[in-house]
Amino acid sequence: MKENAASRVVFILLLFLSVSLLNGQSPPEKPKLVKCRSPGKETFTCWWEPGADGGLPTNYTLTYHKEGETLIHECPDYKTGGPNSCYFSKKHTSIWKMYVITVNAINQMGISSSDPLYVHVTYIVEPEPPANLTLELKHPEDRKPYLWIKWSPPTMTDVKSGWFIIQYEIRLKPEKATDWETHFTLKQTQLKIFNLYPGQKYLVQIRCKPDHGYWSEWSPESSIQIPNDFPVKDTSMWIFVAILSAVICLIMVWAVALKGYSMVTCILPPVPGPKIKGFDVHLLEKGKSEELLRALESQDFPPTSDCEDLLMEFIEVDDCEDQQLMPRPSKEHTEQGVKPMHLDLDSDSGRGSCDSPSLLSEKCDEPQAHPSKFHTPEGPEKLENPETNLTCLQAPQSTSVEGKIPYFLANGPKSSTWPFPQPPSLYSPRYSYHNIADVCELALGMAGTTATSLDQTDQHALKASKTIETGREGKATKQRESEGCSSKPDQDTVWPRPQDKTPLISAKPLEYVEIHKVSQDGVLALFPKQNEKFGAPEASKEYSKVSRVTDSNILVLVPDPQAQNLTLLEEPAKKAPPALP
């Protein structure tokens with residue numbers, strides 16, 4: 001019996017449910033919370049939107065609980081905020097707590113709940129619009145007229161205590177315009193508007209926003225009529241500035257046109273060109289560098305090279321002990337075609353290039369149309385072929401015994417530079433000359449001494465002939481002289497007579513030469529310097545002119561008359577030095 005009663009109850013319920021569904025009744029839809037706003041962080045109000053009620057009367061309730069609590073509370077006031085709202089008074093508002101709010105819809109068919117909304121009172125502040133909006137036209141005597149807008153802060157917002165920082169936005173426009181002109185202010189409750197159009201009616205609205213929260217609603221529109229005689233802009237100053245600028249521009253254009261200058265030249269002057277004396281820009285543009293350098297050299301600039309550079313350009317002349325003591329290659333080796341071994345010469349001294357057999361043979365093969373002449377210091381002449389003489393600085397020396405006049409071979413074979421071995425008694429004292437001036441003075445002294453010794457005794461003539469001759473037969477010597485490798489002096493060459501009391505060879509060693517001066521043409525003037533000075537100081541001659549090159553690798557220099565004249569003018573007169581032997 002009991003089982004039958006239970007089945008009957010279930011059947012009846014299903015019947016009623018089906019009937020209600022056929023009539024359109026159902027549980028309510030889920031409501032939606034719209035927003036919660038607080039006008040001043042002391043109270044707040046929440047609003048929701050109800051869903052479909054399901055054809056039945058539906059009751060809505062708002063429940064909440066604070067973060068960290070389990071106790072659920074219902075809305076304290078459903079009437080203050082209006083329909084579908086809940087108002088939280090100061091008693092139920094806490095600024096330091098997070099609220100979890102839910103809306104429930106209930107009818108006979110069931111219950112529906114909205115999604116929870118998390119609310120913090122500090123971030124939901126939306127103040128009321130500013131109150132007491134006032135518009136007024138001001139006409140001050142010392143300034144332009146303007147529109148003065150004034151308002152009051154929202155009534156429910158405590159601004160005086162500093163609890164809020166309110167920002168205001170004002171917008172205005174002519175009545176018939178569509179775009180608003182906006183202005184922003186901070187903490188101020190008044191604003192001045194200039195540059196209004198006369199005869200227009202302006203509409204003004206204002207709203208506010210706290211530092212953390214939302215903009216309030218716009219206040220109701222306020223309007224004001226601008227009179228027709230309202231000045232718009234004071235353009236007199238701008239007109240004066242424009243006229244003054246135009247006058248200045250006209251004066252500048254007139255000045256430029258009068259002087260014939262272009263505007264670009266006046267504004268951007270050209271870069272000044274080089275102002276070097278004698279510098280021609282056209283030569284540089286045409287690529288004529290030689291003429292340009294010649295023009296620069298013509299100025300009073302100091303010489304670009306010093307004495308060291310000039311000395312490096314000349315060939316070093318010295319007398320090597322090894323060369324003098326080297327034995328002459330035997331006749332047997334010469335006949336067998338074996339060449340004598342040469343010493344390893346210093347490539348930097350200049351002797352290596354002049355001792356080269358190939359270079360000497362090439363120089364000796366060239367015929368000399370006019371052999372070099374050896375003159376006295378009183379009448380030196382210019383070398384006719386200086387390049388050949390300078391190249392063969394190491395050529396041997398020969399002396400004519402028959403005529404008792406010394407002559408010098410400018411070009412000779414390399415094998416003639418090795419003298420015969422002589423006994424120690426026949427060796428003359430060695431000289432410690434190390435430069436051109438010592439060699440020249442020694443050569444001049446030897447020339448005079450040879451002539452004197454030949455006149456006195458035949459024995460000295462025999463020794464001189466043995467020293468100078470190359471060891472070959474007289475026919476070979478004459479043949480070499482006929483081919484142009486020897487240079488003889490002219491018959492009219494006047495030789496100075498040696499002094500009667502001049503010694504044969506001075507045993508006093510000569511030290512390194514002294515550089516007297518370097519002329520502007522690059523001529524190097526030298527004179528010897530001795531270790532010991534006997535007697536009064538002696539004046540030395542300047543040997544700066546090359547006369548010829550002897551066969552014994554001696555460069556013969558003679559005094560330059562022009563250089564001596566200049567020396568006499570520049571320096572005080574000194575006692576003439578004795579003639580070197």
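Each Cβ is built from the backbone N, Cα and C atoms, and glycine gets one as well.
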Select from 204-212, 267-275, 357-365, 393-401 the stretch of residues annotated by Swiss-Prot as motif 'Box 1 motif'.
267-275
Report which of Asn132, Asn565 appears in Swiss-Prot with the annotation N-linked glycosylation site.
Asn132
Of 215-219, 515-519, 520-524, which range does Swiss-Prot call motif 'WSXWS motif'?
215-219
Scan Cys46, Cys86 and flag the one Swiss-Prot records as disulfide-linked to Cys75.
Cys86
Choose one of Cys36, Cys249: the cysteine that Swiss-Prot connects to Cys46 by a disulfide bond.
Cys36
Of the residues Asn59, Asn389, the one that Swiss-Prot lists under N-linked glycosylation site:
Asn59
Along the topological domain 'Extracellular' (25-237), what average pLDDT does this model show?
88
How do the residues of the domain 'Fibronectin type-III 2' (129-229) split into helix, strand and coil according to DSSP?
0 helix, 46 strand, 55 coil
Measuring Cα to Cα, how many angstrom lie between Asn132 (N-linked glycosylation site) and Asp211 (Zn(2+) binding site)?
22
Out of these disulfide-bonded residues, Cys36, Cys86, which one has the fewest other C-beta atoms within 10 Å of its own C-beta?
Cys36
For the C-alpha pair, I'd like the distance in angstrom between His212 (Zn(2+) binding site) and Cys75 (disulfide bond), rounded off.
25
